[in-house]
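Trainee: Pasting a structure below so you can have a look.
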Amino acid sequence: MIRPANIPRLLLTPAILTTVVTLGVCLVVLLVLSFGRQNYLDIELGLSAHNFELALTKPLILKLMGKSALIATGVTALSLILAYPIAYLIAFDIHKNKLLWLILFTLPCWISYLLRILSWKLILGYQGVVNSSLMGLGLVDQPIDALLYNSNSVVIALTHAWAPFAILPIYVSLEKIDRALMKASGDLGDPPYRTFLRVVLPLSLPGVSAAFVLIFIPTFGDYVTPHLLGGPTGFMVGNFIAMQFGASNNWPLGAAVALVSMLTATLLVCLFIAGSKRAVRAIG
């Protein structure tokens, strides 16, 4: 006889096993490759740490990792800033048809990721919507080159693509907050902003942390958006890894850089979660 309390755990078991097995196989393959050496078209497996030495000491790789971390942090911060007010509005100010509003705000996610990225080429391009509008209004005499093919265009496109994904986890955390706690804070004399800082923000932190992880990790390793919109100055570590598995034909180095990037992203996520908890405690 299956207990009702165990049903959710049983339903999640296939998904968890599939994720663990597939992720585990990929990590093992990357780990084995990272200790090998590329010999033209063949890979010589071994126990050499040369690729990890390059990944941790080569200036170009370190620069790309730092740049990727900076871009991912900027995209995540902008996404959270845009998503939090929307989630707050749906959770506290909208009392009917909340599901409909959630669907409307997350509607861009239904469109192909590639199409959303490519659409920014039409918006930010030399003859794009922004330049045409600025010239039509007489604000500029000629199109602005700096709108596209740089890190700024990558940040804009990634923020547009990932911000809707932050709404749902934040909304779920806000929806679970006991309204009686907010009312009690007000009854004790706290102004609205103080109630937000002492009650709402700390209790919504799990949703914010989930949104951070959901956005930061994919954007840290993204290579499609920098390839299409970044140009020479928008190159990220994901592009370097893709190049090693492609044109450069150096799979062991690509595997080592991929593993180091994963560890770096994980460390940064842990630092954010720990730092955000300390900041909330300090504010409260």
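Start at 1 and count along the chain as shown; that gives each residue its number.
Keep in mind that glycine also has a Cβ here, set from the backbone N, Cα and C atoms.
The following feature annotations were taken from TrEMBL:
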| type | residues | note |
| --- | --- | --- |
| DOMAIN | 65-272 | domain 'ABC transmembrane type-1' |
| TRANSMEM | 12-35 | transmembrane segment |
| TRANSMEM | 69-92 | transmembrane segment |
| TRANSMEM | 99-118 | transmembrane segment |
| TRANSMEM | 154-174 | transmembrane segment |
| TRANSMEM | 195-217 | transmembrane segment |
| TRANSMEM | 253-274 | transmembrane segment |
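Show me how these features fit into the structure around them.
Mentor: With a threshold of 8 Å between CB atoms, the same-chain residues lying at least 6 positions outside the transmembrane segment (12-35) that come near it are 43, 45-49, 51-52, 251-252, 254-256, 258-259.
Counting only same-chain residues 6+ beyond the ends of the transmembrane segment (99-118), those with a CB under 8 A from a CB of the stretch are 86, 90, 157, 160-161, 164-165, 167-168, 171, 224-225, 228-229.
A Cβ distance under 8 Å defines the sequence-distant neighbours of the transmembrane segment (154-174), meaning residues of its chain 6+ beyond its ends; these are 71, 74-76, 78-80, 82-84, 86-88, 90-92, 102, 105-109, 113, 116-117, 120, 124, 200, 203-208, 210-211, 214-215, 218-219, 222, 225-226, 229-230, 234, 236.
Listed by sequence, the residues of this chain that lie at least six past the ends of the transmembrane segment (195-217) yet keep a Cβ under 8 A from its Cβ atoms are 72-73, 75-76, 79-80, 83-84, 87-88, 162, 165-166, 169-174, 176-177, 181-182, 185-186, 265, 268-269, 272-273, 276-277, 280-281, 283-284.
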Trainee: I need to check the long-range neighbours of the transmembrane segment (69-92): which residues 6 or more away from its ends have a CB within less than 8 Å of a CB in the stretch?
Mentor: 98, 101-102, 105, 151, 154-155, 158-159, 162-168, 170-171, 174-175, 177, 200, 207-208, 211-212, 215-217, 219-220, 236, 264-265, 268
Trainee: Short question: which residues 6 or more past the ends of the transmembrane segment (253-274) have a Cβ under 8 Å from it?
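Mentor: Hits for the transmembrane segment (253-274): 27, 29-31, 33-34, 38, 51-52, 54-56, 61, 65, 68-69, 72-73, 209, 212-213, 216-217, 220-221, 237-238, 240-245.
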